[in-house]
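*Asks:* Take a look at this one; I'll ask things after.
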Amino acid sequence: MNPYVLMILLSSLGLGTTLTFASSHWLLAWMGLEINTLAIVPLMAQHHHPRAVEATTKYFLTQATAAAMILFASTTNAWITGEWDMNNMASPVASTMVIIALALKIGLAPMHFWMPEVLQGLDLVTGLILSTWQKLAPLALIIQTAPALDPLLLTTLGLTSTLAGGWGGLNQTQLRKVMAYSSIAHMGWMIIILQYAPQLTLLALGTYIFMTSAAFLTLKTSSTTKINTLAMAWSNNPILTATTALVLLSLGGLPPLTGFMPKWLILQELTKQNLPITATIMALAALLSLYFYLRLCYAMTLTISPNTTNSTTPWRIKTTQSSLPLTISTTIALGLLPITPAILMLAT
């Protein structure tokens, strides 16, 4: 892709998200979401492969449906209340429509079916943008409108997303689909705690972004998209493979890695709010996700490709990719748990 075109598209992505962040007016927020969607569509279809074009079409139709629902809900709310302010969601019908539309935008269950299919058709870098940056604007709107939303609806969305993300990833052999289900499950953790402690939602989002970035950038560096090719990663790059296994365990939420921190704090807060059953279901759903991360770890670090020889491997060549983003995201994805008290002080 032409670097000038790429620059325009990436700056439009940034502009769309920033517009939505800065807005308290529904039309401006909707405009930001639309700019965001239109900027990523050419990035998704840039390889002109039938799968990429199909994924782009699915994504565009889903996002257009969600945007139309947001516009309809905000117009309904403005018609009832007489103003377009986001913080004045007086109509329960409008607020329910908004949360359903935003759930469709970020892929919360049961509106998650587009997510694995779309991610499977994209290359890893665009998949990374879709899994991280594209979640920010809709989540900002959900956080802003959360006080007006039905708590039962938010809890239901959170629980179903965590369970669907865990169950869906169990039978997958394609790594991009595994990452899509991982994303759905993590979104569920963020939504479940939103009504009680929004700062924990932001903390979970931050750790999710770094862990997912580390996972995607590793897969990009080793050019891996299927589980069976993970077995060759060890002979390719032993150090990277070792850190990747830890990143995957961090995504699963095992101590003493960063991924344990948001899960621990969210379960603690749910227990404080006198919701032990919800906390138990969430903890058990996390085990489902942990199983498929362990499966990837097993394929990567405990199996060796049958054609490995003792001689220097011919494909161990210097990569031209920048390793700095991967290094930073991996370090953060592995080592933030000891500074949890400092992060909590900053968050509250």
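Quick reminder: no glycine exception, Cβ is built from N, Cα and C everywhere.
Straight from TrEMBL, here's the annotation block:
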- 23-288: domain 'NADH:quinone oxidoreductase/Mrp antiporter transmembrane' (DOMAIN)
- 290-344: domain 'NADH dehydrogenase subunit 2 C-terminal' (DOMAIN)
- 57-80: transmembrane segment (TRANSMEM)
- 92-113: transmembrane segment (TRANSMEM)
- 152-171: transmembrane segment (TRANSMEM)
- 178-196: transmembrane segment (TRANSMEM)
- 202-219: transmembrane segment (TRANSMEM)
- 239-257: transmembrane segment (TRANSMEM)
- 277-294: transmembrane segment (TRANSMEM)
- 324-347: transmembrane segment (TRANSMEM)
*Asks:* Counting Cβ pairs closer than 8 Å, which of 92-113, 152-171, 178-196, 277-294, 324-347 has the most of them with the transmembrane segment (202-219)?
*Replies:* 324-347
*Asks:* With the transmembrane segment (277-294) as the reference, find which of 152-171, 239-257, 324-347 contributes the most Cβ pairs under 8 Å.
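*Replies:* The listed stretch sharing the most Cβ pairs with the transmembrane segment (277-294) is 152-171.
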*Asks:* If you count Cβ pairs under 8 Å, which stretch among 92-113, 152-171, 239-257 touches the transmembrane segment (324-347) the most?
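*Replies:* Per the Cβ under 8 Å count, 239-257.
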*Asks:* By a Cβ-Cβ criterion of under 8 Å, what residues six or more beyond either terminus of the transmembrane segment (152-171) are in contact with it?
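*Replies:* Residues 96, 99, 103, 108-110, 112, 116, 146, 177-178, 181-195, 278, 281-282, 285-289, 291-292 contact the transmembrane segment (152-171) from elsewhere in the chain.
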*Asks:* Within the domain 'NADH dehydrogenase subunit 2 C-terminal' (290-344) only, compute the mean pLDDT.
*Replies:* 80
